[in-house]
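Listed in TrEMBL for this protein:
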type	residues	note
BINDING	B:C40	[4Fe-4S] cluster 1 binding site
BINDING	B:C49, B:C52, B:C57, B:C71	[4Fe-4S] cluster 2 binding site
BINDING	B:H262, B:C298, B:C336, B:C442, B:C472, B:C513	[Ni-4Fe-4S] cluster binding site
Amino acid sequence: MKKVVVHPERCVGCMQCMIACATAHSQTKNLFSATLEDPLPRPRVHVGAGLYGEGFPNRCRHCDPAPCMFACLPGAIYRDWETDTVLIDPDKCINCASCAMACPFGVIRYHEDASAPLKKTVAVKCDNCLERQNQGLIPACVEVCKSRALTFEDPSDAMKRKTNEVAQSLSSDTSRIEIAPGFTLLNTIKRTQVELKIEN
Amino acid sequence: MSKAYEKNTITEDGQLLLKKAERDQIETVWDRYEAQLPQCGYCEMGLSCRVCVMGPCRVDPFGEGPQKGVCGADGDIIVARNLCRMIAAGAAAHSDHGRDLVEVLAEVAEGRAPGYEIKDMEKLKRVAAEYNIETEGKDPLKIAGELAHAMQEDFGTRKKELTLVKTAPEKRQELWKKIGVMPRGIDREISETMHRTHMGVDNGWQSLLLHGIRNALSDGWGGSMIATEVSDILFGTPAPKLTAANVGVLKEDQVNIVVHGHNPVVSEMIMLACQSPEMLKLAEEKGAKGINLAGVCCTGNELLMRHGVPMAGNHLVSELVLTTGAVEMMIVDYQCIMPSMGDVAACYHTRMISTSDKARFPGMTHREFHPDNARELAKELVTAAIENFENRGEVYIPVEPVNAIGGFSVETIVAALGGTPQPLIDAIAAGKIRGAVGVVGCNNPKIKHDYGHVTLTKRLIENDILVVDTGCAAIANAKAGFKVADAIEFAGPGLKEICGSLGIPPVLHMGSCVDNARILVLASALAKAMKTDISDLPLAAAAPEWYSEKAVSIGVYTVASGVYTVLGPMPPITGSMNVVRLLTDGLNDVVGAAFGVEPDPEKAAVLIRRHIEEKRENLGLPFMKL
């Protein structure tokens, strides 16, 4: 089954996934009109900053077993077995934050949402863009990611690619080929800048 | 002291005021930087393009996603176009500043600028002679009028080349002609950059960058140089003056007025008003012991150079200066003034005044300065500042100021050497001074505030390399105590001996960021005296904490003038390794100098020392292998 796979080494930190996610979960599905909606749509994916200011797209892993699901006393969190997606029923959610305490990844947020009853604050997280998938579209974050830090594929395909990359990097007769020397250069500079702040 | 404050700045006043800012719930540039992390990698690499509306586009640096914009431009073209636009913006900023001064000069000639006058007659005549204006027996105001007119022509397109490029060494001029980068008109080159970078015009990344060089030269040897020369004519050529730096220059018992920005046209008039007996009397009536004028950023440097007006801080502390609660009024003109300043001032009694018809800011009162109203308006503003003294709340000035000497124009340096650059050349030839380096540029929250400037400068002078500095770097070095005669203690034995005998500090304050033109003039004078090109000399430049488009233009014209230049932060070019290789290596074969990038000032010092020793070896001077 295809899933959203994160490749952190390719994240350039542009945050376009966040904008696309918020738009995909808006009422109008259009960036410009979405910014005028009430409640304002918010992203389910969050780009964090690493030690050296590098990006990382943090999204729900749809764990199995899912700690959030066990922590949810009203039973608002459930698994859609067909798509292997952990979902939250906004009608049942009591905004108790138990799921956030249980979540090892910090991907749950609490706010009003177009999918919830009016003026009700509920737990919100990634729903794998099931609405889009039903229309034959791929998840919005993947569609917008041009550096392939987010892909929508069978995880075993992604792992096979990674296996080959690792294998190639360990080949005895080839030196390691940089896939993007400029990006490595940029990150070297950024790392130096931060290390200087900490060390001196 | 909390670790966070120490992480952001090496300065004591900065650390203490950051703590105060946190207590006062003031958001600073460092908070906003943290909030921006991670910054967009496409933009950091120069791979995002907003030039047209078929886009915006970005190129995937990993090679799997899109490799071309909608128009077909690849990473090389997009990076080169973006860089050229940065150069154009920087050149425009310096040159428009120069234009404003030329306009004041023209108004002075017409007698329509009360308060302004010709202060340096000798320089007026000398610069007029460069423009082939007859000065013998002519009324100075007439000379000024003709000079202003001739300079205005340099901005337009009526000539084949700018006038002041002929002050460069002949070999350099020939090189510029040969590779086709001789600047023809200041506005023309900027305009041509905007044309070339439009969709579907210049799509050769090399030819784009070559024009970028021409555009930057039109700044260094055009707009910036005109700005410096006309400032000297109108306000006097700087000579060494005792001054002081850091936030401790603010005075608890006086009315504090701070000028921030770049152009001396406004700050000079404010200074005159601050000194007038009428204003001083009013201040006394309001319970203040006097009127204390201080500077932030380069308009402060302009006043420091000519009058010894003290400097409250550089770019990154401009917000913190207001958190002292001691500033009655801050008067700004343009460039590098953070739009957040009004928000910070709103938490204190400080009144914020914007003065330029081309620069407005939220939370500031706009009082526009023009040559005809400047003198009167300055008095009005100073009066308002004095009347604001009684509204002061808690005042926190946590440090004592550090003494410094400023005001080293080329004229002064040559005069100190006995009228010719020869003694300096002799000292370099003997190896007592290994070479000279311009440490210039801004602050940037990506580098610990002042750490880059101060560390690099310290390493250079202790290795017998003379440092000249401008802009925010110059303020950093003043705060670090490198600019008093006793600072020779920080210098190596050779530099210590030479500076000691001349009674000068080992770090010479040469002015504001447009005054980098002074450094060009000095390098040119050395090259001419040695009958060679600038690129042969044991010189280098560094911008350890640069942030602005102006700095890009400065860097490019410095390299194009033949000076190896080491940048701290990486410019947005890593999306094209072709551009990276050209700028850091290939340019050596084009203009005899190239860029280096090294955020660690300890390592930058080694790069620079190595470069200087190589140049010494090539000149047949005693050298060291590093």
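Here the Cβ of each residue, glycine as well, is placed from N, Cα and C on the backbone.
Unlike curated records, TrEMBL annotations are generated automatically.
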Inset, instruction - From the binding-site residues B:C40, B:C57, B:C71, pick the residue whose C-alpha lies nearest to the C-alpha of B:C513 ([Ni-4Fe-4S] cluster binding site). - result: B:C40
Legend entry - Residue with minimal Cβ packing [other Cβ atoms within 10 Å] among the binding-site residues B:C52, B:C298, B:C336, B:C442, B:C472: B:C52
Inset, instruction - Any same-chain residues 6+ apart from B:C49 ([4Fe-4S] cluster 2 binding site) with CB under 8 Å of its CB? Would you list them in sequence order, or say none? - result: B:G55, B:P56, B:C57, B:R58, B:G69, B:A73, B:I78, B:R81, B:N82
Legend entry - Separation of alpha carbons, B:C40 ([4Fe-4S] cluster 1 binding site) and B:C52 ([4Fe-4S] cluster 2 binding site) (Å): 19
Legend entry - Cβ-based proximity (under 8 Å) of the binding-site residues B:C40, B:C49, B:C52, B:C71, B:H262, B:C298 to chain A, or none: B:C40
Inset, instruction - May I have the list of same-chain residues other than B:H262, B:C298, B:C336, B:C442, B:C472, B:C513 whose Cβ is within 8 Å of the Cβ centroid of the recorded [Ni-4Fe-4S] cluster site, in sequence order? - result: B:C297, B:N301, B:N314, B:H315, B:Q335, B:G471, B:S512, B:S548, B:K550
Inset, instruction - Rounded to the nearest Å, what's the C-alpha distance separating B:C472 ([Ni-4Fe-4S] cluster binding site) and B:C71 ([4Fe-4S] cluster 2 binding site)? Just drop the number here, would you? - result: 40
Legend entry - B:C71 ([4Fe-4S] cluster 2 binding site) to B:C298 ([Ni-4Fe-4S] cluster binding site) - Cα separation in whole Å: 41
Legend entry - Alpha-carbon spacing, B:C298 ([Ni-4Fe-4S] cluster binding site) to the residue listed as '[4Fe-4S] cluster 1 binding site', which is rounded to whole Å: 30
Legend entry - B:C513 ([Ni-4Fe-4S] cluster binding site), number of other Cβ atoms within 10 Å: 31
Inset, instruction - Taking the Cβ of the residue listed as '[4Fe-4S] cluster 1 binding site' as the reference point, list residues of the same chain whose Cβ is under 8 angstroms away and which are at least six residues distant in sequence. - result: B:S48
Inset, instruction - Using the recorded [4Fe-4S] cluster 2 site (B:C49, B:C52, B:C57, B:C71) as reference, state which further residues of the same chain have their Cβ within 8 Å of the centre of those residues' Cβ atoms, listed in sequence order. - result: B:R50, B:V51, B:M54, B:G55, B:P56, B:G69, B:V70, B:A73, B:I78, B:M199
